[in-house]
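Written below as structure tokens is the structure these notes are about.
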Amino acid sequence: MAEQAFQVDLRGVVDLLSRHLYASPRVYLRELLQNAVDAITARGEGGGRVEIETTGGTLRVHDDGIGLTADEVHTLLATIGRSSKRDELGFARHDFLGQFGIGLLSAFLVADEIEVVTRSAKGGPGDGHGAVRWTGLSGGSYRVEPAERDEPGTTVTLRARPGAAELLSPAVVADLARTYGSLLPVDLTVDGVPVTGGGPPWQVAHPDPASRRRALERYCEDLYGFTPFDVVDLDVPEAGLTGVAFVLPQPVSPAARAAHRVYLKRMLLAESVEGLLPEWAFFARCVVDAGELRPTASREALYEDELLDSARQGLGDVLRQWLVRLSETDPGRLRAFLRLHQLGVKAMALHDDEMLRIVDRWLEYETSAGPMTLHEFRRRHPDGRFTPSVDEFRRLSAVAGAQGVGLVNGGYVHDTEIIERLPALDPDIRLARLDAAQLTTTFGVLDPAAELRLRPFLAAAQRAVERLGCEVVVREFDPASLPALYLTSRDAQFRDELARAREEADELWADVLGAVNATTGVDRPQLVLNHRNPLARRVTSLGDDGPVSGGETTPHAPRDDLIELAVQALYGQALLLGHHPLRPADTAVLNRSFIGLLEWAVHSPEAPHEHG
Ligand SMILES: Nc1ncnc2c1ncn2[C@@H]1O[C@H](COP(=O)(O)OP(=O)(O)OP(=O)(O)O)[C@@H](O)[C@H]1O
């Protein structure tokens, strides 16, 4: 049986191109430009001119490139999928933009007829290699005939098909030519107006670095609408890549995929290409021109290959070095950068020692002794610890602080991994996870006589915080330096201990304590006053019958007022120490108790205190 060749339905192919491959018919101009530039490259004489003319609904693209012989016209233009830009093995030749042999068909997205008049630079006149006219019809046929043309080069002519006039109009063509072609290394004009100029803005010469910087900032403003925090020059020779990265002046979500403007051999590939930078570098927007990277067939994204991968790593290196240099030359700006983009930097620090060092030296962490860098924290607290969760930090920092154990909050994104990776910088660095047992705060019940004596105080104290929805208990616990602890239902460990203490007490002193426990709500937060703390103990003794201070006997009511002030002050302080959120009612109580206590403190002994 004789083998037969596939038939190609051209309408089907054009439909495929327009609906599925290319995002928009606007790409037709890019494909024409690309062919013209490739033809100029193939001629190899440097320079080159491409003139685009738009008159009366007709588009003409002239180039002074290599042109085509009549034979080439038959094999190259008339065969879908055939390209002169691949080598014998079918690989794309790297000096050309095209490679697939389908680009010219995109002209059928806007025209029913493509006319190519061309003369090859390979032969002189009269040697049988004269100019030819090739006319391709969207229905799938073409014709070739001799034509008039003296100079080598090619002119492609399109007449707008109904509905596509807009795409071939002077304004749209000029816009498309500028968008795709403004950086091309040829002389490109549209209706006589130059489109190409000085080439890539990052390669334009300036009198001094400051004016170059201002020019690039303006470029960024025009392109992206923001003034960059910094401008970083990009250079990755193995990908033939140069460009600039603009550091965003605002924090961005690391989840938002950063998109970059990518040129390939000075032709715009796309305005928002993803995946050019490593994921951690979400704080930068780039404009790059790459000679060696490859496009996908639609030419709207980069082809994911090893080269792209190594280019990505190369770009990551450049940004990393920029940060290291900033830390050495301008720490103030580095801090400002970290405030904006710390999530990205932390993510980098997970894999990169240089970044880890920057985080260690420059990023402030929440610690039991206030905000400071990990480096500073280790200096001040050689035996300090970290908690792997924010909750644990909140719950324990006051207790830990009271026992002289410094704590770092390692509960935010990446922090625990970062802290555990610190020995990579220096094996002597030890900042260990807090062992909860180390801080065991054991709650002891008071002896029955003391409990009994406290009942009037507890009743008054409970009234003082009733409105705030909390329950007052008195226990003995370490550290004695801590007058009060505020425990929410989340503080399971402490609550359990407290419950156990209560149960033991119930067994022994059920009758005595029955009344106290009756008021115990199961899930209410507790204000635990520490009977081992001298101040808290004096406060609890305000409920005793007897002198309040200085041998003066004051009537009952003012003493209840003082209990209220003192308990509310302890309540407020316990909230603050535990980093609990303050509700408006808490702030009000904190204020009132502070002012009230101040009044008690400064009232003169002669003038009896007036209160309420
Ligand atoms: N202006 C031109 N001057 C000289 N040759 C041209 C011109 N336009 C097209 N050709 C020839 O026609 C061939 C087919 O062009 P086409 O645009 O379809 O594909 P391509 O440029 O090779 O690849 P791609 O599909 O990636 O653009 C090219 O390989 C080239 O040899």
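Here the Cβ of each residue, glycine as well, is placed from N, Cα and C on the backbone.
All annotation found in TrEMBL is predicted automatically rather than curated by experts.
Note that the structure is predicted; figures quoted are calculated from it, not measured.
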**OP:** Name the residue, out of Thr118, Thr135, Thr154, Thr157, that TrEMBL lists for the same ATP site as Glu31, Asn35, Asp63, please.
**Re:** Thr154
Original post:
How far apart, in angstrom, are the most distant Cα atoms among the ATP-binding residues Glu31, Asn35, Asp63, Thr154?
Top reply: 14
Original post:
Taking the center of the Cβ atoms of Glu31, Asn35, Asp63, Thr154 at the recorded ATP site, which other residues in this chain have a Cβ no more than 8 Å from that point?
Top reply: Leu32, Leu33, Gln34, Ala36, Val37, Asp38, Ala39, Val61, Gly65, Leu104, Val156
Original post:
Which value does the mean pLDDT take for the domain 'Histidine kinase/HSP90-like ATPase' (24-164) in this predicted structure?
Top reply: 87
Original post:
Quick one, of the binding-site residues Glu31, Asp63, which Cβ has the fewest other Cβ within 10 Å?
Top reply: Glu31
